[in-house]
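Summarising the annotation, Swiss-Prot assigns transit peptide to 1-24 and lists sequence analysis as the type of evidence. Annotation source Swiss-Prot lists domain 'tr-type G' at 99-386. The GTP binding site annotation in Swiss-Prot covers 108-115, 184-188, 238-241.
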Amino acid sequence: MRCPSLARLPHRAISGLTRLPVRLQSQTFLYQRCASTAALRSPTAGPAYQSILNRHNLQRRNASAAAAAVLEAAASNPDALTQEAIIDNLDPVEATRLSRIRNIGIAAHIDSGKTTCTERILFYTGRIKAIHEVRGRDNVGAKMDSMDLEREKGITIQSAATFCDWVKKEDDGREEKYHINLIDTPGHIDFTIEVERALRVLDGAVMILCAVSGVQSQTITVDRQMRRYNVPRISFINKMDRMGANPFKAVDQINSKLKIPAAAVQVPIGAEDEFEGVVDLIRMKSIYNHGPSGEEIVIKDEIPEKVKSVVEERRRMLIETLADVDDEIAELFLDEKEPTQEQLKAAIRRATVGLKFTPVFMGTALSNKSVQPMLDGVIDYLPNPSEIENLALDQKRNEASVKLVPYNSQPFVGLAFKLEESNFGQLTYIRVYQGTLRKGANVFNARNNKKVKIPRIVRMHSNEMEEVSEIGAGEICAVFGVDCASGDSFTDGQLGYTMTSMFVPEPVISLSIKPKNNKDSANFSKAMARFQREDPTFRVTYDAESEQTLISGMGELHLDIYIERMRREYRVDCETGPPQVAYRETIGNKVEFDHLLKKQSGGPGDYARVVGWMEPTDKLEENKFEEQIVGGSISEKFLFACEKGFNLACEKGPLIGHKVLGTRMVINDGATHMTDSSEMSFKNATQQAFRKAFMESNPSVLEPMMKTVVTAPSEFQGDVISLLNKRNATINDTETGVDEFTVYADCSLNGMFGFSSHLRAATQGKGEYTMEFSHYEKAQPQLQKELIQKYLKAQADRHKK
C-alpha cells in the first residue's frame, strides 16, 4: 500500500536542477518526520543531516517555484506546454506513483463478455476470492453486477467501479505492482450514458469483441464514444472457445469498420473447443493457463509446430502495421532490420497512447484462458494519468482552455461524473485531475460556487467501499454528503476552472406515468427526483394540457428498468400509458410576416409590432433567431424578448405540440408604443407571429429514425426481412456468417414498438436486435394526418372542460 505522506512530497524543480539521490531523500524524509528518534541519533550526525536538509529545503523552494511556473504555463499558453514537460517536472516519488496507476474501462457490444472478463480480472488480482458467473447457479452472480435486476436479467444496467492491484512480472524477472481503477460498463444502447460518463474520466479502455461476431453495432457506438473523449484502447477478442471463432476476421473488421489500424499481438494455439493458449508475437513465446481457475501462467519458449507459419505471418503484419503509424519502426522496416522486443513494445505504446493503433489480444474469459496477458497489455500499452492531456475552462478568463497538471501540490480540480443513492446517502464519484482531495476539506462547486465539505472519501468495489483519508491527482474515488449534479466540477476555490461536460443524447421515447395509490405520491416524487439526478438521459416533465407526468428515456428497456426499480426500491406500483414517440415539427417554405399585437382598454395596454420572415435552416437539428433591425425601430431589450418568444414557441410547435426543429426566424422591422410596449408584449407578439407563419408554411411532422441491427440464425433470414418490411424499414446492408446473419436497417421508432416479441417468435427466441437514434425525417402523410387530428381533438376536449 502506498504511504499517503509520500504522496505529499514536493515536486522536483524544472529539469536540470541537481537532485538528492533517492537514498538521501529517504533519510531526509525520515529525519523530518521521525522527531521521536532524535535522541537515538549520534550528535555528530546532526551537521551532516542539517546540510542535507538545507539542500533539500532549497530544492523544495525551487520545486514549488517550478510547479507554479508549470501551472502558469498551463493557464496562459496550454498549447505550448507539452505533456512531456509536465512529466519531466514531476517529483520522482510522484512520477513513480502515477506510473503505477491505470484508469481503465471495459466496453463492448451486448453479451461480449465484459462482466465475465472483469470478474476474472478481479480474481487474478486477488480482489475477490472466488469466481461467480453472470447467470450463476449459486445465486451469487458476478461481483460487478450488484443490483438484483442485473443478476436476474444477466445484463449490466449501471457502470460499476472497483480497484485492484496487478503484480506484473517484467522480462528481467522483477515484479512490479500496479494500481488499476476499473469501470465495467453496460453494453445495451439504452444505458449508453453509463458508457459516456465512464469514458469521460478514464485514461484508457479495453474494447472487447466476440471471436464469432467480431465488430457489432454497439462496438461501433463504443468506438465513436472512445473517439469523442480521445480514449486509447487495447482490444481483446473474447470467446475463443466458441464454435465458429475467427479472431483474424475480427482484426480485419477493426481495421475496416472502425477505421483504426489494428494488428494481433498474439496468435491463438488452437480454436473453439481446442483452444489451449496464445503465442506472444512480441516475445515469441507460448503462454498457457493451468490450475482449476487458470490462475497459474506457464510460459514456454517452444512455439507449437501447427501455428509457426501463422505466427511468422502475423508478426510480419504487426511490424508492417506499426511501420505505418510509428517513425522508428518505419525506419527499421525500410532498412530491413528486425526490431527488438523493446523497440516493438515501445512503438506499440507510443502508437496506442497517440490514438493511432490498437493492439489485439485473444482469449476466453469464461474458460479462464489468456486474461492475464491482456492485463499485462493494460500495463504495457495503456497510458498512466500523467500521459493524458486534460483540459479545463477558466471562467475568470472568458472560458479560455487551460491544461490540467496532475501534481498533488497544485490547487484541486475534480469532476463528479456519476451519482448513486446508497444506504448512507448520495454517493458521488469523482475523478481527481489536479491536486489532492482530503477528508474534511472544503471544495467549491464551479456551477453555483457553493462551498461543500467532504465528510467521507471511499474507494468503491462494486457495492462495497473502503474508507481513505485522501486521494491524489490521477485517481478515482467516491464521496458522501456532497449535494451536486452529474457533471459538476469542483475546485478548492483558488482556481475558477470548470471541466467540459460529457455528451448527453436526447431521449427518443416517452410514456405517461402515475402511482396506482395516491398515498404513494411522496415516494413517487422522491424516486423521480433521484433518478433524474443520477441519469441525465432520464427526463421527467409535466404536461399541463393532458395533466400527466411524462417520463422520457433512450428506449423501452430504459424506462421499464426505472419503473421496476421504483416498485422494488420505493414500493411504488405505477400505471403507465402507451409509449409516446418524441416527434418533431419543422417549417416547410419561406413565409413573411407582419404581426401587430395591440390591446388598449383605458389602463396600461400591450403594443408590439414585429416584421420579418421565417424559413428552413441549413441543418435540421438547430433553430436560429436573427435580428436585422436598421434605425432602431425595436430597442435591444425588446429584441431580447423577441428571441425569448421564439425559443418558447420552438418548445411546443403549433402542429402537434412537439418541439420545432430546423426553423430560422428573422426580424427586420417593427414598431413600439411610448407607454404600452413592454418585453412581455414583444415576447407574446413574436410567439403569435411564429405560430401564424409556421402554419402558413406547409409544415411537416418529423419522426425519429433508428439505426437498427438484427442478428439471428441464417435459417430465419427470410422471416426477419419480412418483419422489417412490414415496418417500412429501409434495409441498408446484410452480412451472412457461418451460421448467422446480420441486417442493418433504418426503421421508424413508431414502427418498432413490440418488435422484440415478434422477433423472438419468428426466430424461436434466438434473434437479437439493437436500436440507436440515427436522425429525424418526415413522417408518412397518413401518420402526419392521424397525429394532427389526434392533437386537435385533445385540444378541443381540453377546452370543453
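Using the three backbone atoms N, Cα and C, a Cβ is placed for every residue, glycine included.
If you average pLDDT over the domain 'tr-type G' (99-386) in this model, you get 87. According to DSSP, T185 (GTP binding site) sits in a coil region rather than a helix or strand. Of the listed binding-site residues, namely K114, H188, the sparsest CB environment within 10 A is found at H188. The binding-site residues considered are A108, D111, T185; of these, D111 has the fewest other C-beta atoms within 10 angstroms of its C-beta. On its own chain, M240 (GTP binding site) has A211, P247, P268, A271, E272, F275, M362, G363, T364, K369, S370 as residues at least 6 apart in sequence with a Cβ closer than 8 Å to its own Cβ.
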